[in-house]
């Protein structure tokens, strides 16, 4: 008995103490991702509300036998007519419970709740709640590796892009400086996400210990997540100021952009951390089942909407200028805006889809895959659109590649010509030694001719002649 009590979690102890817990449930799910205190509070709250409801509800006009309202340890059940089966959705107390599945409780023909034949106690069928646990675990692992691959690809592409921007000095300008900061924020976000997924979210023992370090890492993760979107906002503000406000003025003070991109996301991240510690202090703040996350998501959605407004206004101004003046400069700015205009909806579509998660198991799984691709492959998307598809970057890379080919080809042709001339000279010298040709012929064949050949080759306009 002592060993049993030591092994049971507080949630398990509470459930066992309840009068109608299903003794036939062989597996009691252990929630490793939520704080057990939070789970226990949910059950206690549901039990309190159930007993209040039982006392307040009036008795219905009973015609025939009826199973009385009751609390079974996890859910509250209303009065049910004899011979009927009552249903409701599975509770969300545990990580491996699927809230889209149904719990059933049978009211027998004699007006009593169904008794399990083995235990002879009232029994509620919760078996469907974790029926797909193994499939859910497989899906969770697939999503885990999908996220790791996405951030790995994002990290690689972003570092290559930053290398291009720093190496080629001809690309240096204020807009590229903003690109560098945007890319760097995505690099940091990918690094902290990989650390979070491998060292925290995948470590049940660490989550159970709930050290302060894992909450600090979650704070940094949410802060960098906000930096991504506010640097996107900086891109939109810069283009709007450059094209609409300053009328193609070139220089702007970047200090305000640094404050907005790196400084402002600290505010919602700090407010979220304080609120989370007081109102939903689960282990490592790993749960997403709290409205406190709107403290983070709200400013991000506002930044996306403001950015979209700026970009649409920029397009309107540029189209007007192109119709009136047909300036080539306006056309160039339109190309610069197009990349940002494409990227903002792509980065923001996850927040459009977020409130509309479907209820079904299969449709919910498809939704999870789509959301993971949208969230964890953003760095790859940003690097591709802002760097690899950038006309300026492509032009610089093409010019340097052509210069390298010409330089390499010239060096190769020069060394080939030298080898050819050396081979000709050595061959004639061998002939000279074998046949003892006179000095006049030796001058013509052994020295003069190869020298002329070598000179003509080295002076040729075609390096591959």
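Glycine too: its Cβ is placed from the backbone N, Cα and C atoms.
Among the features that Swiss-Prot reports, disulfide bond is placed at 50-76 (among others). Residue 50 (disulfide bond) counts 17 other C-beta atoms within 10 Å of its own C-beta, drawing on all protein chains shown.
Summarising the environment of residue 67 (disulfide bond), the number of other Cβ atoms within 10 Å of its Cβ, over all protein chains shown, is 24. DSSP assigns residue 67 (disulfide bond) to a strand in the three-state reduction. The feature disulfide bond is assigned by Swiss-Prot to 67-107 (among others), with similarity to another entry given as support.
The 10 Å shell around the Cβ of residue 90 (disulfide bond) contains 20 further Cβ atoms across the protein chains shown. The annotation disulfide bond is assigned in Swiss-Prot to 90-129 (among others).
Swiss-Prot lists 22 (among others) with the feature N-linked glycosylation site, giving sequence analysis as the kind of evidence.
What Swiss-Prot records for 68 (among others) is N-linked glycosylation site, and it gives sequence analysis as the kind of evidence. Other C-beta atoms found within 10 angstroms of the C-beta of residue 68 (N-linked glycosylation site) number 15, with every protein chain shown included.
Taken from Swiss-Prot, the feature N-linked glycosylation site applies to 120 (among others). Applying an 8 A CB threshold to same-chain residues 6 or more apart, the list for residue 120 (N-linked glycosylation site) is empty.
DSSP classifies residue 125 (N-linked glycosylation site) as strand under the three-state reduction. Of all the Cβ atoms in the protein chains shown, 18 others lie within 10 Å of the Cβ of residue 125 (N-linked glycosylation site). Annotation comment: Swiss-Prot describes 125 (among others) as N-linked glycosylation site, evidence class sequence analysis.
Here Swiss-Prot flags 289 (among others) as N-linked glycosylation site, drawing on sequence analysis. Here the Cβ of residue 289 (N-linked glycosylation site) has 12 other Cβ atoms within 10 Å, regardless of which shown protein chain they belong to.
Taken from Swiss-Prot, the feature signal peptide covers 1-17.
Per Swiss-Prot, topological domain 'Extracellular' is recorded for 18-141 (among others), and the stated evidence type is a curator's inference.
In the predicted model, the topological domain 'Cytoplasmic' (167-177) has a mean pLDDT of 88. Positions annotated as topological domain 'Cytoplasmic' by Swiss-Prot: 167-177 (among others).
If you look up Swiss-Prot, you'll see 201-211 (among others) marked as topological domain 'Extracellular', on the strength of a curator's inference. Secondary structure of the topological domain 'Extracellular' (201-211), assigned with DSSP and counted as helix (H, G, I), strand (E, B) and coil, comes to 7 helix, 0 strand, 4 coil.
Per Swiss-Prot, the feature topological domain 'Cytoplasmic' maps to 241-254 (among others); the stated evidence is a curator's inference.
Listed by sequence, the residues of this chain that lie at least six past the ends of the topological domain 'Extracellular' (276-291) yet keep a Cβ under 8 A from its Cβ atoms are 33-35, 38, 92, 200-201, 206-208, 210, 214-215, 218-219. According to Swiss-Prot, the feature topological domain 'Extracellular' maps to 276-291 (among others).
Residues or ranges marked as topological domain 'Cytoplasmic' by Swiss-Prot on the basis of a curator's inference: 317-331 (among others).
Same-chain residues lying 6+ beyond the ends of the topological domain 'Extracellular' (354-368) with a Cβ under 8 Å from its Cβ atoms: 98, 100-101, 132, 139, 143, 297. Residues annotated as topological domain 'Extracellular' in Swiss-Prot, with a curator's inference given as evidence: 354-368 (among others).
Set side by side, the disulfide-bonded residues 76, 107, 129 differ in how many other CB atoms lie within 10 angstroms of their CB, and the most is found at 129. On the backbone, the CA of residue 289 (N-linked glycosylation site) and the CA of residue 50 (disulfide bond) stand 22 Å apart.
Most Cβ pairs under 8 Å to the transmembrane segment (292-316), among the stretches 142-166, 178-200, 255-275, 369-389, belong to 255-275. Packing against the transmembrane segment (255-275) from elsewhere in the chain are residues 178, 181-182, 185, 215, 219, 222-224, 226-227, 230-231, 233-234, 237-238, 285, 292-293, 295-296, 298-299: each is 6 or more residues past its ends and has a CB under 8 Å from a CB in it. Against the transmembrane segment (178-200), the recorded stretches 142-166, 212-240, 369-389 differ in Cβ pairs under 8 Å, and the greatest number is found for 212-240.
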